[in-house]
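**Q** Right, I'll just put the structure down here and ask away after.
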Amino acid sequence: MARASALLLVVAAVIALVAGHGAAFDPNPLQDFCVADTTSNVHVNGIPCKDPATVTPDDFFFSGVDRADAGTASRRYGFTALPVQIPGLNTLGASHARVDVPPGAVFPPHIHPRASETAVVLGGAVYFGFVSSYPDNKVYAKVLRKGDVFAVPQGLVHFLYNNGTEPASLYATLSSQNPGLVLLADALFGSGLPDDLLAKAFLTDVGTAQGIGAKFRA
């Protein structure tokens with residue numbers, strides 16, 4: 001009887017410990033909203049909240065997603081990206097962007113280490129997909145057209161390529177306020193990794209690795 005009681009106490013303690021740990025790291029918001037106070041000098045894991053008394057409808061609003069020329073263009077790859085910055089989404093685990101891809105342009109292979117992604121095509125057509133993790137390395141991709149939606153699991157390499165003749169645009173939703181962006185080619189060849197290491201990784205010679213790296217360091 002004493003051993004049974006002791007076992008129950010251990011089980012209860014473990015359950016309490018796990019429950020407490022879960023509560024301590026609960027990612028859910030603790031209030032209706034936490035509008036980002038971009039003027040604050042306080043450093044936290046995120047952005048501090050504005051005083052709720054100063055919040056207005058404009059804190060939950062963004063205008064300009066209909067414009068293909070409103071984003072920042074990538075001279076190297078040709079795509080244009082417009083982050084949809086809504087202060088009221090602070091702490092809610094979401095971010096959005098419009099992406100425009102003219103014919104022949106790419107959003108090259110990349111990952112978002114902290115987010116999954118769902119993209120809807122607003123116009124045109126793109127070849128869009130992702131690659132599963134090692135050792136399968138399987139490509140899941142389709143040609144998407146206006147009204148199509150495609151999902152990318154968190155952390156997997158994905159890409160889009162406009163191999164058609166018309167401009168294409170997409171609206172992407174990511175499951176993190178700060179999803180992160182790692183452009184694989186830039187990270188590998190533009191970061192200063194040793195050329196001999198890259199040559200071995202890509203099964204090529206040092207001269208080829210140096211030549212590719214020079215394009216990213218120019």
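Placement of Cβ uses the backbone N, Cα and C atoms for every residue, glycine included.
From TrEMBL, for reference:
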type: BINDING; residues: His110, His112, Glu117, His158; note: Mn(2+) binding site
type: BINDING; residues: His112, Glu117; note: oxalate binding site
type: DISULFID; residues: Cys34-Cys49; note: disulfide bond
type: DOMAIN; residues: 63-210; note: domain 'Cupin type-1'
type: SIGNAL; residues: 1-24; note: signal peptide
**Q** Among the binding-site residues listed here (His110, Glu117, His158), which has the Cα closest to the Cα of Cys34 (disulfide bond)?
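**A** So, spelling it out, the nearest of the binding-site residues is Glu117.
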**Q** Around Cys49 (disulfide bond), how many other CB atoms lie within 10 A of its CB?
**A** 18
**Q** Please report how many Å separate the Cα atom of His112 (Mn(2+) binding site) from that of Cys49 (disulfide bond), as a whole number.
**A** 25
**Q** Please identify, from the binding-site residues His110, His112, His158, the residue with the sparsest Cβ neighbourhood, meaning fewest other Cβ atoms within 10 angstroms.
**A** His110
**Q** Could you put numbers on the helix, strand and coil content of the domain 'Cupin type-1' (63-210), residue by residue per DSSP?
**A** 21 helix, 60 strand, 67 coil
**Q** Taking just the CA atoms, what is the gap between His158 (Mn(2+) binding site) and Cys49 (disulfide bond) in Å?
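**A** Just about 33 Å between their Cα atoms.
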**Q** I want to check the contact list for Glu117 (Mn(2+) binding site): same chain, sequence separation of six or more, C-beta distance under 8 angstroms. What comes out?
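**A** For Glu117 (Mn(2+) binding site), the qualifying residues are Ala151, Val152, His158, Ala172, Thr173, Leu174, Ser175, Pro179.
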**Q** Within 10 Å of the Cβ of Cys34 (disulfide bond), how many other Cβ atoms are there?
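**A** Total other Cβ atoms inside 10 Å, all chains included: 21.
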**Q** Please give the average pLDDT for the domain 'Cupin type-1' (63-210) in this predicted model.
**A** 96
